[in-house]
Amino acid sequence: MPSPRRSIEGRPLGVSASSSSSSPGSPAHGGGGGGGGGGGSRFEFQSLLSSRATGVDPTCARLRASESPVHRRGSFPLAAAGPSQSPAPPLPEEDRMDLNPSFLGIALRSLLAIDLWLSKKLGVCAGESSSWGSVRPLMKLLEISGHGIPWLLGTLYCLCRSDSWAGREVLMNLLFALLLDLLLVALIKGLVRRRRPAHNQMDMFVTLSVDKYSFPSGHATRAALMSRFILNHLVLAIPLRVLVVLWAFVLGLSRVMLGRHNVTDVAFGFFLGYMQYSIVDYCWLSPHNAPVLFLLWSQR
């Protein structure tokens with residue numbers, strides 16, 4: 001008697017088994033000697049497999065395929081899914097955003113911003129229309145007093161007119177100090193290449209090509225160098241010594257007021273001029289260590 005259980009397709013299992021029992025290779029045939037009960041159970045299992053494989057709704061199949069990690073947007077494809085896309089090349093080091101700047105970089109940027117702001121505030125004589133524009137001619141006259149060319153010409157003239165060995169020795173070292181100052185300032189300006197302030201008017205006295213750069217201030221280095229040289233090698237009264245120091249300070253301040261330099265240019269210029277005298281004092285020229293130079297000047 002056929003089994004009352006039905007398959008998924010809705011037909012009685014017994015009818016399917018009887019209709020297919022005539023074929024010798026069917027599952028209900030028992031594989032050539034199997035029992036009827038075993039053939040029915042095997043046919044039921046086979047029909048379940050076939051219905052599970054072929055009877056799935058196409059909509060459900062598409063949904064399952066879209067949920068697969070292979071077809072999901074933005075996911076990495078598997079090796080068996082086809083040719084994989086190569087990842088994007090990393091950005092070069094200079095194009096990456098520096099999210100963690102160093103403390104030194106932040107300090108330098110802050111110092112530069114303060115320097116530019118303070119230099120612009122102190123540039124009260126930068127133009128005729130500035131708040132202290134009427135004092136600009138006096139500041140430019142003070143600028144000439146710290147220029148290198150008048151100091152070089154005056155030193156050479158005094159050296160040629162000098163007839164004492166002591167005076168010649170002092171003037172020879174003063175000439176050496178001035179030449180050293182011009183060399184070091186030109187070298188540092190060429191290396192740093194810092195532009196002058198934007199509010200500066202290029203109407204300086206005897207402007208050379210190197211003077212388009214701002215750091216350091218050549219007037220400030222020369223003022224510090226000359227004031228220290230004069231205070232150490234000339235016997236002056238106290239009011240004159242105070243006047244020499246005041247001249248150096250006002251000359252450095254006038255560079256900022258005229259808009260020629262920033263505050264840090266003048267500050268570093270004072271430091272460099274102070275150290276230049278230490279070099280001159282260490283390499284002091286005398287008839288004992290440089291007799292050839294003094295013989296040449298004595299013959300003149």
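Indices start at 1 and increase along the chain as displayed.
Glycine is no exception: its Cβ is also placed from the backbone N, Cα and C atoms.
These figures come from a predicted structure and were not determined experimentally.
Per TrEMBL, compositional bias 'Low complexity' is recorded for 16-27.
Positions annotated as compositional bias 'Gly residues' by TrEMBL: 28-41.
Sequence annotations record features per position, and here TrEMBL assigns domain 'Phosphatidic acid phosphatase type 2/haloperoxidase' to 169-281.
According to TrEMBL, the feature region 'Disordered' maps to 1-48 (among others).
If you look up TrEMBL, you'll see 66-95 (among others) marked as region 'Disordered'.
Residues annotated as transmembrane segment in TrEMBL: 170-192 (among others).
The annotation transmembrane segment is assigned in TrEMBL to 229-254 (among others). Outside the transmembrane segment (229-254) by six or more residues, the chain places 122, 125, 139, 142-143, 145-146, 170, 174, 177, 217, 219-220, 223, 266, 269-270, 277, 280-281 with a CB less than 8 A from a CB of the stretch.
Marked as transmembrane segment by TrEMBL: 274-297 (among others). Within the same chain, residues 159, 165, 168-169, 172-173, 176-177, 180-181, 184, 221, 224-225, 228-229, 232 sit at least 6 positions outside the transmembrane segment (274-297) and bring their C-beta atoms closer than 8 Å to a C-beta of that stretch.
With DSSP classes pooled into helix, strand and coil, the tally for the domain 'Phosphatidic acid phosphatase type 2/haloperoxidase' (169-281) is 83 helix, 2 strand, 28 coil. Under 8 Å from some Cβ of the transmembrane segment (170-192) lie the Cβ atoms of residues 148, 151-152, 155-156, 158-159, 162, 210, 213-216, 218, 221-222, 225, 229, 233, 269, 272-273, 276-277, 279-280, 283-285, 290, 293-294, 297, all in the same chain and six or more residues away from its ends.
Model confidence over the domain 'Phosphatidic acid phosphatase type 2/haloperoxidase' (169-281) stands at 90, taken as the mean pLDDT rounded to a whole number.
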